[in-house]
Amino acid sequence: MQPKVPQLRRREGLGEEQEKGARGGEGNARTHGTPDLVQWTRHMEAVKTQFLEQAQRELAELLDRALWEAMQAYPKQDRPLPSAAPDSTSKTQELHPGKRKVFITRKSLIDELMEVQHFRTIYHMFIAGLCVLIISTLAIDFIDEGRLMLEFDLLLFSFGQLPLALMTWVPMFLSTLLVPYQTLWLWARPRAGGAWMLGASLGCVLLAAHAVVLCVLPVHVSVRHELPPASRCVLVFEQVRLLMKSYSFLRETVPGIFCVRGGKGISPPSFSSYLYFLFCPTLIYRETYPRTPSIRWNYVAKNFAQVLGCLLYACFILGRLCVPVFANMSREPFSTRALLLSILHATGPGIFMLLLIFFAFLHCWLNAFAEMLRFGDRMFYRDWWNSTSFSNYYRTWNVVVHDWLYSYVYQDGLWLLGRRARGVAMLGVFLVSAVVHEYIFCFVLGFFYPVMLMLFLVFGGLLNFTMNDRHTGPAWNILMWTFLFMGQGIQVSLYCQEWYARRHCPLPQTTFWGMVTPRSWSCHP
């Protein structure tokens, strides 16, 4: 046993040397910056656990919110109506079952794509294009006139008499703020005796007066004072928006009032919820919406700055690429060759204008108001640029308007005509959308030229039924973009020609047929 002791001590000493060597190696490894694998693994396990807990918590909140919305939308067919008056009309149900818009907290798609460096580079390319337009404008002015100055004549002309347009907006907004809510309050009273009938009749009269104010006042002011296009655009967009919001508020609340049995009254929704609805970026009324915890004012300022940048971009495009081409076109003899060349020339500016309108309004403007009001659901559009069919393009281009058309035109059409009349209901959606789009163009430009009506209703309707969701693949996406390019070129070319033809060939007196007859077909001074 004696000889084994030194051997054991020798092994212990060897073990201590190995341990010291290991510690020394660890120190050297730390000195040279090599990560400790065990500590790195533990750190990654902690990060994974934290991430899974956060994802599970957010998913649970999302499912709870979706379940709550589904319970609110579930038709109470087999349940008796409550004997007591409910606290709000948000818990009443529609007269017929159907899909309802569910609002959840989510970011806009472009905000998500901006987190990717490759997409930010595309955004930077558009900014570089604006810089090139500014530099080219300065260079041309310096060469031709010997001065360096950016003129914003087109922008100043377009927004002329803007204070008058804003003053006209005030009674339009006050009418929308007071009349629908007061009418609902009159209808929600207990139905007993002739007092309720008198109040209901008074509510109908108020709604008729409200419709007259919204429909007649902006048209009268625009025609009488000859407002320029951008000021008219403010009025017509607010006119259509307030009409759609008024209809949505009454459509979502009135059925619950008239479903109450026994002549008992019902509490209308709170006035604050209606006031919030008038400003939040949605056309579907709900008494509550998902809200974000705080307001990012730098995000609001950035979006408004981008709106201003898009306005400048559009003015430079029109001033540099459209005005020089179409200003004197009506002075020349008409030829098919000149018309085709003008349409092809206008495809580039037209698609640029489409992208600028989309980014400025559907992304920047709506996100700015959503952030100021802490409105959580930012899905104002979807990835329409990836569409392989025009049916998908129409659904994803403007989700805000599509939700309104789907809820109150398509679904109500199916309820009135039956589930088999899907084609008729879809045609009704196209007809309403085409007429409103043509009305907006007629209001803004000051003349009737049904280019948008024909493109939207005829060609758009045919493409919607022929290029449907069954077609997939990159070839169909290329075809969709080709039709978009051509459609924008046709619109820009024909509307610009008509605009300058009415300036070069004014009528001796204003008549109805003179307003609705295209002047560019006969104006060749």
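Any Cβ shown, glycine's included, is placed from N, Cα and C.
Annotated region 'Disordered' per Swiss-Prot: 1-34, 77-97, in sequence order. What Swiss-Prot lists as compositional bias 'Basic and acidic residues' is 9-23. The transmembrane segment annotation in Swiss-Prot covers 120-141, 162-187, 200-223, 232-255, 297-329, 347-372, 421-445, 452-467, 474-505 and is backed by similarity to another entry. According to Swiss-Prot, the feature ubiquitin cross-link maps to Cys280, an assignment based on similarity to another entry. According to Swiss-Prot, the feature cysteine sulfenic acid (-SOH) maps to Cys280, an assignment based on similarity to another entry. Feature annotation from Swiss-Prot assigns motif 'FYXDWWN motif' to 380-386; the stated evidence is similarity to another entry. Per Swiss-Prot, the feature active site maps to His437.
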Cys280 (ubiquitin cross-link) CB neighbourhood, other CB atoms within 10 A: 22
At the Cα level, what's the spacing in Å between the residue listed as 'ubiquitin cross-link' and the residue listed as 'active site', rounded? 22
For the transmembrane segment (421-445), the candidate among 120-141, 200-223, 232-255, 297-329, 474-505 having the most Cβ pairs under 8 Å is 232-255
Given a separation of at least six residues and a C-beta threshold under 8 Å, show me what packs close to His437 (active site) in the same chain. Met452, Leu453, Phe456
Take the C-beta pairs under 8 A between the transmembrane segment (452-467) and each of 120-141, 200-223, 347-372, 474-505. Which stretch has the highest count? 474-505
Ranking 120-141, 162-187, 232-255, 297-329 by the number of C-beta pairs under 8 Å to the transmembrane segment (474-505), which range is first? 297-329
Secondary structure at His437 (active site), reduced by DSSP to three states: helix
The recorded stretch from 120-141, 162-187, 232-255, 347-372 sharing the largest number of CB pairs under 8 A with the transmembrane segment (200-223) is 162-187
Pairs 6 or more apart in sequence, C-beta under 8 angstroms, 3 or more of them: is that satisfied by the transmembrane segment (162-187) and the transmembrane segment (232-255)? yes
Same-chain residues at least 6 beyond the ends of the transmembrane segment (232-255) with a Cβ under 8 Å from one of its Cβ atoms are 89, 92-95, 162, 165-166, 168-169, 172-173, 176, 179-181, 183-184, 187, 210-211, 214-215, 218, 221-222, 268-269, 274, 277-278, 283-286, 404, 407-408, 436, 439-440, 443-444, 446
Could you count the residues of the motif 'FYXDWWN motif' (380-386) that DSSP puts in helix, in strand and in coil? 3 helix, 0 strand, 4 coil
